[in-house]
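Engineer: Once you've had a glance at the structure underneath, I'll fire off some questions.
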Amino acid sequence: MFFHKDALRTTSQAALKITYLIQMVIGSLVNVILFFHSISPVFIGQSQRPTDMIHTHMAVANLLVLLSPGIPHTIAAFIPRNPLSSLGCKFVYYLRRVAHSTTLCSTCILSTYQSLTLTPRRADWVMLRGRAPKVIGPSCCTCWMLSFLMYIRVPLKLTGPQNMHNYTDTKGTWFCSSSPTEIGMSYLWSISDAMFISVMVWSSGSMVLLLLRHRQRVQYIHTPTGHHRCPPETRAAHTILMLVVTFITFYFLNSVVSFYIAAFFDIRLWLIQTSNVLGSCFPTISPFLLLLRDPRTPRFCS
């Protein structure tokens, strides 16, 4: 019976390790492609679109989310005799926190901007839509600055592995550990996350309503093939909605696991690995959505 449980636990941990490694490799590659795809207009003497600027910042943040703990955790998972030092823990987790917060903030900016592009062409909205592209770059830079400042306490509250010598430990005592104060601060940090998510939900809800109205207007317009060409704004809105749903889904799942670990101080290895896998899902999936559903690619709506 105990042998069966140990075998099952070993298999699940191996599956989580492999999944995390695949996420890190594939996600990093696709985010690099997204980065160069977004800055490619600069190389040919053109200016970046506002959405390209956001995609550039998202790609960098996604890369940091995947790589900052990816390489150290891969080393710790496959070569547990060389865990991170205390300084390594401080640097890696601070960088991951900052990158995760920037990803959330950038996604919020992207959904808000796309919502503005779909607003009716009324006089009170025209001025706002005209100014929006000019503040995209500064807004993304502000995301980075706020994230760096908001998580400045992370390095002060993190320490190295609790157990440097028990390499068969099924608990994550050779992962980085945090003091109870840092766990308490996480509740305050969750407030800022809730604010960004609320804005994303509001902007996404606005886009859904605008798209429904647009669909009602064009449903009587017929073409010889029975299809009409999708405006770029509509295709982009569909992509943003998929991004927001994907982000909120994995954010919620990861929050449940992280809350359980923090509330019950349960640092079993498989829980930590599950949290890492869930936290890396959006940075891996989002560049695929942005590249495969690029609004510059001609498509048709049914």
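All residue numbers here begin at 1 and follow the chain in the order shown.
Each Cβ is built from the backbone N, Cα and C atoms, and glycine gets one as well.
Bear in mind that TrEMBL entries carry predicted annotations, made automatically and left uncurated.
Grabbed the feature section from TrEMBL, which reads as follows:
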- 20-44: transmembrane segment (TRANSMEM)
- 27-290: domain 'G-protein coupled receptors family 1 profile' (DOMAIN)
- 56-79: transmembrane segment (TRANSMEM)
- 135-154: transmembrane segment (TRANSMEM)
- 187-212: transmembrane segment (TRANSMEM)
- 239-263: transmembrane segment (TRANSMEM)
- 269-292: transmembrane segment (TRANSMEM)
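What does the local environment look like for each feature on the list?
Structural biologist: A Cβ distance under 8 Å defines the sequence-distant neighbours of the transmembrane segment (20-44), meaning residues of its chain 6+ beyond its ends; these are 52-53, 55-56, 58-60, 62-63, 66-67, 70-71, 73-74, 77, 273, 276-277, 280-281, 283-284, 287-288, 290-291.
Same-chain residues lying 6 or more positions outside the transmembrane segment (135-154) and placing a CB less than 8 Å from one of its CB atoms are 50, 53-54, 57, 90, 93-94, 97-99, 101-102, 105-106, 109, 113, 182, 185, 189, 192.
Note on the transmembrane segment (187-212): residues 101, 104-105, 107-108, 111-112, 114-115, 118-119, 150-151, 234, 237-238, 240-241, 244-245, 247-248, 251, 255 of its chain, located 6 or more positions outside it, place their CB under 8 angstroms from a CB of the stretch.
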